[in-house]
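Encoded as structure tokens, the structure appears first; notes follow it.
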Amino acid sequence: MIALSVNLNKIALIRNSRDTRNPDIPAHAQMCIDAGADGITVHPRPDQRHIRASDCFDLAAMLAVEFNIEGNPMAGPRRSERPGVGDYPGFMEMVREIRPAQCTLVPDGDAQLTSDHGFDLKRDGDSVAPLVAELKGLGIRTSLFMDPDPEQIRLAAQTGADRIELYTESYARAFASGRDVDTILGQFVRAAEVATEEGLGLNAGHDLDLHNLPDFARAIPGLLEVSIGHALTVDAIRIGLANTVAAYQRALGKH
Ligand SMILES: CC(=O)[C@@H](O)[C@H](O)COP(=O)(O)O
Ligand SMILES: NCC(=O)COP(=O)(O)O
């Protein structure tokens with residue numbers, strides 16, 4: 001069965017628009033879990049635009065499901081610019097202390113609007129591999145955010161990573177446009193096959209939604225987990241959180 005890990009970034013974005021604890025991130029996580037979510041994902045960025053370091057510690061203290069923390073392993077400490085908000089301690093510093101079930105390394109720069117590319121391990125493999133080794137040494141399942149590029153995925157296996165997360169925006173865009181869907185989906189099927197050949201577990205995420213998820217879930221061999229936040233949050237506003245989580249579980253083939 002493919003696990004659904006709900007990403008809480010956009011809930012935190014709403015919370016940050018006021019000096020408030022509403023929505024309360026741990027309480028919202030619990031509602032997702034009560035509605036059937038298999039895990040919780042957050043992406044604490046250095047500017048703390050949405051998920052803050054404090055949210056990660058609050059969630060770690062209460063979650064009874066898998067906790068997946070995503071982020072750039074090279075992101076160092078950053079002083080908070082907002083009164084009452086603690087500083088960002090650095091991504092690896094935070095993960096070392098929290099030791100989540102899974103850590104997904106994402107090569108995001110500070111100026112990016114959102115995650116928009118996977119690792120280039122031809123260039124960065126030598127710097128990523130020691131970080132993977134350290135995280136695995138801490139008992140943390142380690143995943144790398146990757147484009148559906150077989151050569152890069154083979155390099156991901158050489159870093160010692162446990163899993164990769166396929167960056168699915170190209171599929172989501174093709175699905176929305178109706179153009180080249182089979183070709184693009186075929187790229188993801190091949191990427192999944194290579195991941196399995198290399199002994200890598202397979203996750204996927206970014207811009208997945210209720211429309212494009214069923215075909216993706218049916219087509220991709222060995223898919224273990226999807227992490228979904230943006231579209232899921234919008235759907236929850238439209239049809240309610242419990243209905244939304246149930247709808248995404250159905251879209252994954254669970255009834
Ligand atoms: C890595 C990825 O694709 C998403 O998990 C990421 O968390 C999206 O970040 P934003 O929610 O900041 O757009
Ligand atoms: N890793 C993908 C994720 O956690 C959420 O991405 P999105 O659904 O917000 O695009």
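Keep in mind that glycine also has a Cβ here, set from the backbone N, Cα and C atoms.
Where the annotation comes from TrEMBL, it is an automatic prediction and has not been curated.
TrEMBL lists His43, Glu70 with the feature active site, proton acceptor. What TrEMBL records for His206 is active site, proton donor. Among the features that TrEMBL reports, 3-amino-2-oxopropyl phosphate binding site is placed at Asn7, Arg18, Asp207, Gly229, His230. According to TrEMBL, the 1-deoxy-D-xylulose 5-phosphate binding site annotation covers Arg45, His50, Thr114. Residues annotated as site 'Transition state stabilizer' in TrEMBL: Glu165.
A map of TrEMBL features onto the structure.
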| residue | record | CB count, 10 Å |
| --- | --- | --- |
| Arg18 | 3-amino-2-oxopropyl phosphate binding site | 8 |
| His43 | active site, proton acceptor | 25 |
| Arg45 | 1-deoxy-D-xylulose 5-phosphate binding site | 24 |
| His50 | 1-deoxy-D-xylulose 5-phosphate binding site | 22 |
| Thr114 | 1-deoxy-D-xylulose 5-phosphate binding site | 12 |
| Glu165 | site 'Transition state stabilizer' | 29 |
| His206 | active site, proton donor | 24 |
| Asp207 | 3-amino-2-oxopropyl phosphate binding site | 19 |
| Gly229 | 3-amino-2-oxopropyl phosphate binding site | 23 |
| His230 | 3-amino-2-oxopropyl phosphate binding site | 16 |
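Of all the recorded positions given, namely Arg18, His50, Glu70, Gly229, His230, those whose Cα is no farther than the 10 Å limit from the Cα of His206 (active site, proton donor) are Gly229, His230. Proximity to ligand 2 at the level of Cβ atoms, with a cut-off under 6 angstroms, picks out none of the binding-site residues Arg18, Arg45, His50, Thr114. Residues Asn7, Arg18, Asp207, Gly229, His230 are listed as the 3-amino-2-oxopropyl phosphate binders, and the farthest two of them sit 26 Å apart at their Cα atoms. Checking the recorded positions Arg18, Glu165, Asp207 against ligand 1, not one has its Cβ under 6 Å from it. The Cβ of Asn7 (3-amino-2-oxopropyl phosphate binding site) has 26 other Cβ atoms within 10 Å, all protein chains considered. Close to Glu70 (active site, proton acceptor), meaning Cα to Cα within 10 A, are none of the binding-site residues out of His50, Asp207, His230. Cα of Arg45 (1-deoxy-D-xylulose 5-phosphate binding site) to Cα of Asn7 (3-amino-2-oxopropyl phosphate binding site): a span of 13 Å.
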